[in-house]
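Reviewing the structure listed below.
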Amino acid sequence: MNQQLVPAIKVKDLSFYYNTSKAIEGISMDIYRNKVTAIIGPSGCGKSTFIKTLNRISELEGPVKVEGVVDFFGQNIYDPRININRLRRQIGMVFQRPNPFPMSIYENVAYGVRISAKLPQADLDEIVESALKGAALWQEVKDKLNKSALGLSGGQQQRLCIARALAIKPKVLLMDEPCSALDPIATMKVEELIHSLRSELTIAIVTHNMQQATRVSDFTAFFSTDESRIGQMVEFGVTTQIFSNPLDSRTRDYVSGRFG
């Protein structure tokens, strides 16, 4: 392996169940530090479930069972001694639809910081500005920080949610189809943002958009489901190889549009 490729997250034989219903089975892959990894595959193949297992947010959806290991910089996140709140600060999440809180733009970004630390106002102001700049939103909102976040456009709201995640300085950012509800211009801005953030963050993104996966990611994992196995990872590799010369015929059929 290239010495520059350092895994931020190592997934080993991961299976996940909602109650007794299996959602993903036997997933093993690395998510490399300061790289973008795309998770692709047809609907119902476990992409979103998988990404939610990486910071244990899936547990908020009801009784679950986990088998296998998710190693985050040397620690199994499913170790019972893990501090889940600290884990979720280190591995942030951006969801499919923008979910700004019904409060001001400023307070949306400051929210997570206020929960985790009591800071002087000047320090908080600096963090909010830095996060909004990191999300490429500062110039658009700097004169209306006290206005409701609900008045922003859909694309601005999604970048605000990214800023909210950035404010608590995560090491990894998980993105679950972050552009599916956005128009092409807003999508382009989010993709540009992903490119700019990769130098600071490790990013994993679920997407149905094959073109988006080729544009933004360094590595791609293809998930699928068949009659014998549900929620399996068929193939993982460098994005250019996955899309131009996949090793598995199922991957080839999917990326060429023959199914899915």
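Residue numbering: from 1, along the chain as shown.
Here the Cβ of each residue, glycine as well, is placed from N, Cα and C on the backbone.
Small disclaimer: the values here were computed from a predicted structure and weren't measured.
Taken from Swiss-Prot as is:
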type: DOMAIN; residues: 9-255; note: domain 'ABC transporter'
type: BINDING; residues: Gly41, Pro42, Ser43, Gly44, Cys45, Gly46, Lys47, Ser48; note: ATP binding site
Cβ neighbour count within 10 Å of Lys47 (ATP binding site): 27
Other CB atoms within 10 A, centred on Gly44 (ATP binding site): 14
Around the Cβ of Cys45 (ATP binding site), the count of other Cβ atoms that are within 10 Å: 25
Cβ neighbour count (within 10 Å, all chains shown) around Ser43 (ATP binding site): 9
Neighbouring C-beta atoms (10 Å sphere around the C-beta of Gly46 (ATP binding site)): 23
Three-state secondary structure, Lys47 (ATP binding site) (per DSSP): helix
